[in-house]
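> Provided herewith is a single structure, encoded as structure tokens, for subsequent inquiry.
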Amino acid sequence: MCERAARLCRAGAHRLLREPPQQGRALGGLLRWVGARMGEPRESLAPAAPADPGPASPRGGTAVILDIFRRADKNDDGKLSLEEFQLFFADGVLNEKELEDLFHTIDSDNTNHVDTKELCDYFVDHMGDYEDVLASLETLNHSVLKAMGYTKKVYEGGSNVDQFVTRFLLKETANQIQSLLSSVESAVEAIEEQTSQLRQNHIKPSHSAAQTWCGSPTPASAPNHKLMAMEQGKTLPSATEDAKEEGLEAQISRLAELIGRLESKALWFDLQQRLSDEDGTNMHLQLVRQEMAVCPEQLSEFLDSLRQYLRGTTGVRNCFHITAVRLSDGFTFVIYEFWETEEAWKRHLQSPLCKAFRHVKVDTLSQPEALSRILVPAAWCTVGRD
């Protein structure tokens, strides 16, 4: 019995010596796990860098600014010179020096020209709430073009009812857009009026020259008549009716003679002339001359815009007279405008009518227009009473 117990004790001891201890097996497994994990790629403990967002999407309204650049870039060289910049952005408020300073402000890389990026960057930084407006204009333009295509499709193959609905929606769209446009134009007119008043506070207004022309105060709405002066056998059709009053015909005749002298470079003073004004012999009119060379392929568009400009300017109270002359080459036009004062002409430059014509000129002229101004005696436009 004791011997058997001794054998079992020896066998158990040998078995324990042959088997690794449990703690050793656990430690080996832990070491193998640690080794395996160390061989795996490990993630950095630092915060992950944000993914590259790619190029930033253009700000709203950029397409409109690019269109402005295209119209201002007269020679299509992809950049605006100072002359092109002043021609396009002149509004009658900023003078040439102020426009030049603005040009160099926008020209951030000091290359003496403004490229598309510089123009977009400047206006985008100053757009404010107009960013949404200009972005909406981009969307509206696309939507209107799409709707015009739909309208054409309906009118080619739609039923009478479909055509009625489309016609109604088209008219309503026009009414809504016109309503918005009227609101914007009212704001433009209010700002222009306020700007004119601010400028007049710094400039003493001159006495009205209208009394010099007519010898009586100006009526509430002074009529203006357009003269299409003949030059080398060519003329531009008049947009208004011929003057019927004898006194007005005399004025037109004298203006025709004056313009003929201007074109022939034979301007002189009649020293024997009796001036009809008694105390205003020093009164002058502002005569503005614009000479424009039109691209042949854009002639029709230019003529349409010119006629609208002449009709609109004729109704401006402070414009005594306006005339347009077509030169012998058929593509060069000269406009003469007689204004009561320089300030009246500058206010006119801010009007929607003048800005619309200026934009058409940018698109249709083959080179920047030549503009000059001189003062002419108001007595030249006075009906003689001798």
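Every residue, even glycine, has its Cβ placed from backbone N, Cα and C.
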> I'm validating the feature mapping. Which of 170-201, 234-265 is tagged coiled coil in Swiss-Prot?
170-201
> Taking the Cα atoms as reference points, how far is D107 (Ca(2+) 2 binding site) from D77 (Ca(2+) 1 binding site) in Å?
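So the alpha carbons of D107 (Ca(2+) 2 binding site) and D77 (Ca(2+) 1 binding site) sit roughly 16 Å from each other.
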> Going along the chain, which residues at least six beyond the ends of the domain 'EF-hand 2' (96-129) come within the CB cut-off of under 8 Å?
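Cβ under 8 Å, 6 or more out: 59, 61-62, 65-66, 68-69, 78-82, 85-86, 89-90.
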> Hey, which of the binding-site residues D73, D77, E84, E118 is the loneliest by Cβ count within 10 Å?
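Ranked by other Cβ atoms within 10 Å, the binding-site residues D73, D77, E84, E118 bottom out at D77.
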> Let's see if you can do this one: DSSP helix, strand and coil counts over the domain 'EF-hand 1' (60-95), in that order.
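Split into helix, strand and coil, the domain 'EF-hand 1' (60-95) gives 19 helix, 1 strand, 16 coil.
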> What mean pLDDT score does the domain 'ABM' (286-375) have in the model?
90
> By DSSP, what is the split of the domain 'ABM' (286-375) into helix, strand and coil residues?
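Counting residues per DSSP class in the domain 'ABM' (286-375), I get 40 helix, 32 strand, 18 coil.
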